[in-house]
């Protein structure tokens, strides 16, 4: 097996990328981009308490990172250092199982990503309406969502480095009120409240509970689609992921412990945005306003980070020939994948008027399908290509890795099993559409209707040419 004796990891094509690069991402901006890929702060964790009570919410955010976040982050760190190019998980599936799997992975992850992006303008307006009730419904709300989506997309167009440093500032400002709220809450905390299973007579909504946990703690692998834009990715990615995992978990848990221990309200009030009400109860209206401003800034960071991943995924898929060459076009001014940004934005606008719960449920289902394929790709590459150079390698043997992947895979199956019939139907139609799209692209290649990027694959020994 000649491919197992490579001295270096396979390189990815660069013919669609201009030789003149903008500045690449360094460690600090990458950490905060990962943070916004996943969390962006404790905004949105509140429904876990509404669904199952304080104790289960706290246990969920304590235990779930070990079941899900850490394994996903470890796999991302290993495979990104093996294949440090744009496209991320699409490349992993394609290397493991071929172009069909890569294309299907691209469909699932791209659609889940843009559906997830659509949640952030909605979340943003949900907080803004607390200050300006005019945005609660009707045309003002629709126009606000549209305007915010288009404005944030343009910011993304100006460059990934700018987005990275903006993420640092947004994280500091949006988390500051929670640090203050948690400190002020300390004298008011009653630890006994942490043990509450919820109000008597309130039925637990496990669908909402697990979807909330999943939505708040997933998408660690999204940053892999930006690997080609990172300075020294083989060294930078593992460290950035480690710091981001710790930072994210702490940013969820500290405010949750503080608020559940200090505030006594009906369980039904723990809906998305309740942290702002809790801030007013604990410290006053001034902190409530700060939390609401922080929520808007956090939503901006989440939108920017995840739109970047979706756009660079399109670019990466063009670079490895899964999508036509024109899909990898970059802006002459900012070197950003403007077509990927445009397509992502249009789909985001199309689904941004769905119910918030439906948005995260649909994103979770498609993401679950992609993650099962991702776990399988990771294990297959470890088994079939053990001699590939892995600058970072998870220190486990194959049987232990199988166990590590089976536990979150079981959870993924559970997430899909409790989905509504609507989510099943929508996800099924999107999957069928993705399969049809693969064969359509294959036909385009056979008929030479559009140009595709074909590279010299050092790993596979494929013929390289530029159609």
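Easy rule for this one: first residue shown is 1, then count along the chain.
Placed from the backbone N, Cα and C atoms, the Cβ positions cover glycine too.
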>> Under TrEMBL, the annotation transmembrane segment belongs to which of these stretches: 72-90, 91-109, 110-128?
In response: 110-128
>> transmembrane segment per TrEMBL: which of the ranges 423-441, 442-460 is that?
In response: 423-441
>> Can you identify, from 25-44, 205-224, the stretch that TrEMBL calls transmembrane segment?
In response: 25-44
> Ranking 25-44, 51-70, 110-128, 239-259 by Cβ pairs under 8 Å to the transmembrane segment (333-353), which is first?
Replying inline: 110-128
>> Tell me whether the transmembrane segment (25-44) sits in contact with the transmembrane segment (163-186), defined here as at least 3 Cβ pairs under 8 Å among residues 6 or more apart in sequence.
In response: yes
>> Ranking 51-70, 239-259, 365-383 by the number of C-beta pairs under 8 Å to the transmembrane segment (163-186), which range is first?
In response: 239-259
>> Is it the case that the transmembrane segment (395-417) and the transmembrane segment (140-157) touch, counting contact as three or more CB pairs under 8 Å in which the residues of each pair are 6 or more positions apart?
In response: no
>> Which range wins on Cβ pairs under 8 Å with the transmembrane segment (51-70): 110-128, 239-259, 365-383, 423-441?
In response: 239-259
